[in-house]
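Accompanying notes for the structure given below.
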């Protein structure tokens, strides 16, 4: 039985585990993997908006809009959204130079 399924009980005023194979390398590896999984899961739940926004938008950034008036930004967004090929309804990629 691994440490992951054992129940810790008070033994002689100390907390211990009733298992003889706690030094088994497989048990140690399973415990490390379990702890890492728990840490990663907690971080994912805490920062999922930041993480997935970074993957979704951060890796493929568009042209810089710094110094461009808001009206021109809105016009560019509308052009990007309406850039559809009428023949087969596939999106057309517009690259500005």
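If you go along the chain as it appears here, the first residue is 1 and each next one adds 1.
Every residue gets a Cβ built from N, Cα and C, even glycine.
Annotation source Swiss-Prot lists transmembrane segment at 23-43.
In the structure as shown, the Cβ atom of residue 41 (site 'Seems to be involved in pH gating') sits within 10 Å of 10 other Cβ atoms. Positions annotated as site 'Seems to be involved in pH gating' by Swiss-Prot, on the basis of sequence analysis: 41.
For 44-97, the entry in Swiss-Prot reads topological domain 'Intravirion'. In the predicted model, residues of the topological domain 'Intravirion' (44-97) average a pLDDT of 69.
Swiss-Prot lists 59-85 with the feature region 'Disordered'.
Under the heading compositional bias 'Basic and acidic residues', Swiss-Prot lists 71-80.
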Helix-strand-coil residue split for the compositional bias 'Basic and acidic residues' (71-80), DSSP-based: 10 helix, 0 strand, 0 coil
